[in-house]
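These notes are about the structure you will find just below.
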Amino acid sequence: MSFFLGQILEKMGSIDKDIRFMATHDLANELEKDTFKMDPTYENKIVTKLLALTADSANNVQENVVKCLGLLIKRVKDSQATEIIDTLSKNILEESNKEELVEISGIGLKTIITNLPSEGSSISTLVIKNLVPKLLIGIDSEKLKDKNEIKMSCLDILNDLLQKYGSFMIGDLENIQKVVLPKLNATRPAIRKRAILCLANIAFPSPDNLFNSLLDYIIKSIEEAKKPDHISTLIQAIGAICKSSGYRLGKYLPKVMPHVLNYCDNNKFEQNDELRENCLLCFEAIIEKCQKDVTPYIGEIITLCTKYIKFDPNYSDDGEGEEDGDEEEEEMETSGDNDEEQEEEEEEEDLSDDDDISWKIRRSSCKTLCAIISTRPELLVELYQKVAPVLYNRFKEREENVRLDIFTTFVLLLKQLNKKLANPQAKEVLKQQVPKLVQSISKSLIDKSIRTRVGAIALLKELVMIIPGSLTGQVSQIVNGINLSLSEKNTNSNLKIEALVLLKLLLINEPAQSFQSHITSLSTHIVKCINDSYYRIASEALRVCQEFVIVFNKIRSSTDCKPIISNLFAANFVQLKAQDIDQEVKEAAISSIGTIITLFGNEIQSELQPCLSILLERLDNELTRVVTVKVLSRIINSSINIDLSSILPSAIKLLSTFLRKNNRVLKQSSLIALNDIVKVCPNLLPSSLLTGILTEMATLINESDLQITHLAFVFIQNLLKNYSEKHQAATLVNEKCIPPTLALLKSSLLQGVALESLLSLFATIVQLDEPGMKYEQLLTLLFNTAADIKQPVTRQSFHSISQCIAVITVNTTPALRKQTIHNLICNLSSVNEPLVLLSLSCLGEIGRRIDIHENENLQESVYKTFEANNEEIKQVAALCLGDIAVCSLQSYLPFILEQIKNQPKKQYLLLHTLRETIVKLSHTDEGIKTIHPFLQSILPLLFDNCVNEEEGTRNIVAECLGKLSMIEPNEIIPKLVEKIKSPSPLERSTIVTSIKFSIMENKEVVDQYLAPNISQFLSLLHDGDLIVRRSALLSLNYIAHNKPNLIRNDLSVYLPILYNNAKIKPELIREVDLGPFKHKVDDGIEIRKTAFECMYTLLDTSIDKIDVAPFIVSLCDGLKDTQYDIKLLCHLMIIRLANSNGAALLENITLLLEPLRVILMTKVNETAVKQQIERNEECIRSALRAVASISRIPNSDSIVKFEEFVKNTIRTTPLAAQFNSILSEDTMSNQDSMDTSN
């Protein structure tokens, strides 16, 4: 290294500039290597030489020198580093006449700052210490007061330092601020601009007192300012400070906003466009960063934006005043406009377009409106009423960039309607505006500018998707514009693609009749685009063709449609048979031609067979088989009855092989296609392939993919129903498919559509009565399968088998059915508990399907099992009796009600029975009709049991009341409301719980009868009894989760109640004397936990109605709670809030930092048991996830206190590794997936 450095030093002194260049270049390359080590003997010489070369006459040498100094600063001793800083600073401050040296020295210092480590280090501290005083001299020195270039260079360097090390420069910030603030008055705009950037970077890390003094100075300056340039600079400074410091500016808005609003619309300065633009940009920053505090001013800002988005004094549109009916606009259109540096001219004198900067004002208005649209979902209806018309009337904007911004703003407004909590009224307002909107945008569809057309199409695409079916009357206008884009020669490819996508969306979403007059022109353009050489245009055109054919099929009349279809088919066929085309085109061609064959196959008979042959080839191709299978299904199901005999046997053979492929989509599609074949054309299924198909089908019957299993069962059922050789099919099904089916019945995972299709299959099998699968044989197999289930057996173990037994029994002959029921009844007296459980389950499943009350000893035998020793048997017996009553209500319900009255020991089980009956009957109109006459007998009994001491019993009663209340709401809901005033807290608790079970019933009934009374039920949130209050909180949480619209408009009432219940109440903490020691019992834990669960739910369903500030105050209470569960719940709420309304969370983040710090620093006692240690570790991990979610919020790094919290509490502690691991996780892994709906 010494030899190398010696050579480099020698070459750097060469008189040949090329040698000097190569020497500095080689040195820079070496310095970039991690292995480079500076030789102490050469260090001083190298530094000295490099500093001397900053004045080199060759620019490329200077550039290399700057690079070397930036890399060298970290590798030299402090004394040499100081020399580098001092020399470069001296070049700037003392060599002011040498402009090139000043410039290169400034670049050198900026390069050094860039190369310094980001974290505070000794070298960084040294550079800051040496450089800041010199920069301040350069900015403020009297000697350099006329040297603007030096001031700008120093401000640039200082800004870089503040940006990178602001939080490490706290001690210097006050001096820097004192020096930089006066530069806001500088005569040169470039100096003012750099001063603003510096002040914004000072504001970010500055302590509160310094930040306050900065804002006080600026506000006072605005109040005293007279010149528009000075005012404009101060307002620009406020905007910049707001962007860097966010919510900290919020408390100053009452002092700031009146001035900004005034100057934005002040007639005195109406000729100063820059001032107006800066006001609007300031609004944008404030709206984004101070969402809560800016609320009182939003209305005025909207008014100003809608006014100045039309501000175009150099251009007069005579029709605009009439169209908008806006007098203000007419005034603005006749006003004059002055450049900022010119003297004030006469008002009537217009400027040339070259001097016109009014477009900046219109563009700034767009940006501010975008900020409002993005951050104020609660104003969506108002925005559509007030802003949308202004926007679409400005689609004629003459400046293209502004016009595109207006399009973007309107698209953003449209996208708000897709948000979960968007007010549906806004969509209705938009629908009324569609005619004018489309009329305005249609002009842009035929604009000469490609960018304008693409922007207009993007807007229309969004509109079609937001309000599908609402553009019926405007389709012609849009289609005319699409036709123009598709027909023009040399049209931009992107424009064609976008036009095709829009056409596809229109065809999918708008009524077919809307396209009646455009069929011929559209078909011509589609064919042309299908033949386009660019694969993206061709593939999109094929997708459009598919939708076009569907629309054409709906509106074709007796007129000859063959020419159009033939042309489309021919274009599709060319792409279908082509071998050397893109995969995207291949798939689109297969899908499109499949649709043509499906709907118009009779019109192209002569071309059909060659096409089907190619489709068979595509089916055998690994790349195209999935889409071809789907197309084959469509063709099979065609109403035209396409002759597929030439390809179907080969296709079936291929489909059967696909069933074993490790491709779920292919497997699923193949099963659907095989199903379609056995339904539509079973005779084309060769018997020779049946064994292979059913062998493959048997492998699909398992618990690993129940959707595939469901399709397999459906295929087997359709095969047995439709195949001509039923005996052969039944024999193979029995041999291949019944064994895996019986094995699946042992799985507790079998449920949903797979179970339903299996039950349907068993019903079909029994009705066929084929040898080997007769009723008695199936029954034996099912009972044997049940016997094979491992102990211990529960009712869930027999859930599927009992339903299968019930289905085959219901579908067999009456004689066999009666015998089976008799045997099941006899089994109830067995000592074999699993057999008793299975028999009870079977009787219940049979009884809820058909009336079996006439079977001897049924009621007595089932009721006797209520006395069994096994609790599981008693529970199943209760459900069995309830199920039997479903179809035998007249016979069984009076008995059940009588026993509830007279058998207190069996009352709990009998109430389960009653609930089972009510639940099953309330799901169908017929069931409701059946139970209605018994309401007068049931209700008194339920009301009597509302005061039962057992909470489980009261919950059953509440469910019954809730279900019944929706059967006869007129009568029952008033009775429930009356019971709210009951003196019994247990009865009040039961009544408020009942509404949980009401709200999931018929929506119309809930809205008509329950909604008007919901506030009366929830008045029990104020109840003095803890049990009642918790029941009310649980009901509120359930409503918030499932029917939030019932309470959304009253959250201002319910949220304070939740916040109050979330606090630790000393009066609910009691001391229990346990002899040797005393123990504190907190009776309010469950209340608090339920309140927080409800708050968590509301964050998901009603966040737009929540004022975040008091919500966070309550969150702080939760973070300080003594219960781990509540702390974990609060962490989840922070995560959910960070994801859904991060800006509002940041405005109040400082409240959360101390409680989070306490949690993260918590250590368990040395005597703590393992469970306590694990719970504390879990709580810390959860808190770290919450902090990580906050750190992911955009601009969270601008919150100084949060950054300091992360640094001091996490980054510099043993928690750092764990926190970094959480940060590196995918954001989705931190989703708050907890379900708190009770």
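Placed from the backbone N, Cα and C atoms, the Cβ positions cover glycine too.
Straight from Swiss-Prot, the features:
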REPEAT    41-78  repeat 'HEAT 1'
REPEAT    171-208  repeat 'HEAT 3'
REPEAT    210-247  repeat 'HEAT 4'
REPEAT    251-292  repeat 'HEAT 5'
REGION    315-354  region 'Disordered'
REPEAT    382-419  repeat 'HEAT 6'
REPEAT    432-469  repeat 'HEAT 7'
REPEAT    603-641  repeat 'HEAT 8'
REPEAT    646-683  repeat 'HEAT 9'
REPEAT    688-725  repeat 'HEAT 10'
REPEAT    933-966  repeat 'HEAT 12'
REPEAT    967-1004  repeat 'HEAT 13'
REPEAT    1008-1045  repeat 'HEAT 14'
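Long-range Cβ contacts of the repeat 'HEAT 5' (251-292) within its own chain (Cβ-Cβ under 8 Å, at least 6 residues beyond either end) map to 215, 219, 222-223, 228-229, 231-232, 235-236, 238-240, 242-243, 245, 298, 300-301, 304-305, 307-308, 311, 335-338, 340, 344-345, 357-358, 360-361, 364-365, 367-368, 370-372, 374-376, 1107-1109, 1143-1144, 1147, 1195. Outside the repeat 'HEAT 1' (41-78) by six or more residues, the chain places 2, 5-6, 8-9, 12-13, 17, 20-21, 24-25, 27-28, 31-32, 84, 87-88, 91, 98, 101, 104-105, 107-108, 111-112, 114-117, 122-123, 126-127 with a CB less than 8 A from a CB of the stretch. If you take every residue in the repeat 'HEAT 3' (171-208) and average the pLDDT, you get 93. Secondary structure counts, DSSP: the repeat 'HEAT 7' (432-469) has 31 helix, 0 strand, 7 coil.
Counting only same-chain residues 6+ beyond the ends of the repeat 'HEAT 8' (603-641), those with a CB under 8 A from a CB of the stretch are 561-562, 565-566, 569, 573, 576-577, 583, 586-587, 590-591, 593-597, 647, 650-651, 654-655, 658, 663, 665-666, 669-670, 672-673, 676-677, 680-681.
Nonlocal intrachain contacts for the repeat 'HEAT 6' (382-419), taken as residues 6+ away from its ends with a CB within less than 8 angstroms of a stretch CB, comprise 302, 305-306, 309-310, 312, 315, 317, 320, 323-324, 359, 362-363, 366-367, 369-370, 372-374, 376, 426-427, 429-430, 433, 436-437, 440-441, 443-444, 449, 451-452, 455-456, 458-459, 462-463, 466-467. Residues 609, 612-613, 615-616, 619-620, 625-626, 629-630, 632-633, 636-637, 689, 692-693, 696-697, 699-700, 705, 707-708, 711-712, 714-715, 718-719, 722-724 of the same chain sit 6 or more residues outside the repeat 'HEAT 9' (646-683) yet have a Cβ under 8 Å from a Cβ within it. Assigned with DSSP, the residues of the repeat 'HEAT 9' (646-683) fall into helix, strand and coil as follows: 30 helix, 0 strand, 8 coil.
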